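Enquirer: One structure, pasted below without further comment.
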Amino acid sequence: MQETDLSIIKTFKRLFPIIRNYKWGLIAASVALILNALVDSSLIYLLKPLLDDGFGKADNAFLKQMAILVMLFILLRGVSNYIASYCLSWVSGKVVMTLRRNIFQHLMYMPVSYFDKNPTGRLLSRVTYDTEMVASSSSYVLVTIVREGAYLISLFAVMVYTSWQLSIVLFLLAPIIAFLISIVSKRFRILSRNIQNSMGELTVTTEQMLKGHKVVLSFGGQKVEKARFDRVSNDMRRKGMKIVSADGISDGLVQLIASLALSAVLYVATFPEVMSENLTAGSFTVVFSSMMAMLRPLKSLTSVNSQFQRGMAACQTLFEFLDLKTEKNNGTKQVERAQGCITFDNVIFSYEGKEEQALNQVSFTIPQGKTVALVGRSGSGKSTIASLLTRFYDVNEGQILLDGVNIEEYTLENLREQCSVVSQQVHLFNDTIANNIAYAAKDKYSRAQIIAAAQAAHAMEFIEKLEQGLDTVIGENGASLSGGQRQRLAIARALLRNAPVLVLDEATSALDTESELAIQSALAALQKNKTVLVIAHRLSTIEKADEILVVDQGKIVERGSHEQLLAKGGAYKQLYSMQFSE
């Protein structure tokens, strides 16, 4: 058995337990599908007595009985079809929900480095397109195999029962069709995986345009984005046509073989030995109609392979993602509230896939309740230091201590509970203002505490002007708010959390001077009895810091108070002079 076949079997074995959780829905659907197939084949078999006894003998009473029987069969067919459709939709919906829940949950625990390497659009495609493909393929395959398989078997049984001599021709079909399926299976797997990759690229391209819509408009990039989208879209279309082509060729060959079998039946029927076996008009009609009816299930059972390969390719992608390691979380230490003493001890760090060191032997200590500011040019490593403190990334060498304990010994959840972070890149959720301020902890804080945090961040100034106040839904990422308003909500969120360690990464960069001065006073009150790490571009905001570290090319090149650094006349003095000469 080939390696690809083994991987498909392995993938299906992992998917089966998820489907098995909804076995009663599957059983009900399968029974209904089999019943549906039996009714269809029974309707064909009724042609024999209808032609031989009803019309052949002009028996009106028999014809009336047949009319009632046909009506009952049609009613039974409708009921079974409804049950099968409903149960399969229920199972399919449950499978999609389970897969999406597993993927979404796994995504939330993936390290930040994974998101650095994978575009958001590709991840969205995984949650939406791939999971839907698995569920739809599973439903289609089940319907086809159970209903069409049962229909094919029942039709063959009807044929053998009616005339085994004519039916013997069908035995020639099975090995030929099996051979065709084995040839195209590998091709379908490869093409299906290519389609998935193209769907991911299509989602990425669309997402980039939507997120950067203002940039596109400002720079007149419509033609560039259209060309990019057309290229990706056309690539996906071409790959889709390859699947259609392979599918069509295999279907055509199966139907050609089946047509030859039909011709053979007609030819065999001319032999006296066959005609002498009481082959009536009704019997021949049943056999011929059964063979014609077999074309549909034969075609479906042949094409089910392509759909199965698509589903398994998507499923394989999902399971490969679920097998990726989540954030390293081997620590066991938990504290209710840390004291807040932070030490960086000879920390060396480089981003994955890059040889250049983002931080090189960085060492400093922030005593409990003190404020340390990081300044330097863009890309010098300031934000990297903040990311390492919260373990968004792990150090390559050296260690980071919180209260004398390596931060890797804390559980991730407990470590991050000790830190309130306000970044220059504010993210808000499509929820109320109150829920955004008390994010992930709305039951922990009272309404009064939320209001107090908003007031301290000077956010109530604009919240009170909104019709629904704190209960206003602000849209995706706070689309209805200005940059400064969004930044104030992020500060209010950090104020409410009241963690012993406060990280301010350009926290006031989006505020006007007046608002910044007001919030600086609020932050000054907040910083009492807290350890504060400030990353600042505006040097005027960190003049009162207990210590200022000047970072350049991943190294700390200067350290001291504002006055001490100015007196040195080094890198800090140059930055200060550049800002205040503007």
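Every residue, even glycine, has its Cβ placed from backbone N, Cα and C.
So Swiss-Prot lists the following for this protein:
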TRANSMEM  26-46  transmembrane segment
DOMAIN    27-310  domain 'ABC transmembrane type-1'
TRANSMEM  68-88  transmembrane segment
TRANSMEM  140-160  transmembrane segment
TRANSMEM  164-184  transmembrane segment
TRANSMEM  252-272  transmembrane segment
DOMAIN    342-578  domain 'ABC transporter'
BINDING   G376, R377, S378, G379, S380, G381, K382, S383  ATP binding site
Enquirer: Give the nonlocal contacts of the transmembrane segment (68-88) in its own chain as ranges (CB under 8 Å, at least six residues past its ends).
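Expert: Non-local partners: 25-26, 28-29, 32-33, 35-36, 39-40, 42-43, 46, 139, 142-143, 147.
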Enquirer: Quick check: which same-chain residues outside G376, R377, S378, G379, S380, G381, K382, S383 lie with their CB within 8 A of the centre of the ATP site CB atoms?
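Expert: My list of surrounding residues reads T384, V551, D552.
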Enquirer: Within 10 Å of each Cβ, count the other Cβ atoms and name the one among the binding-site residues R377, K382 with the highest count.
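Expert: Buried the deepest by this measure is K382.
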Enquirer: Please identify, from the binding-site residues S378, S380, S383, the residue with the sparsest Cβ neighbourhood, meaning fewest other Cβ atoms within 10 angstroms.
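Expert: The binding-site residues S378, S380, S383 were compared, and S378 has the fewest Cβ atoms within 10 Å.
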Enquirer: Within 10 Å of the Cβ of G379 (ATP binding site), how many other Cβ atoms can be counted across all chains shown?
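Expert: That number is 12.
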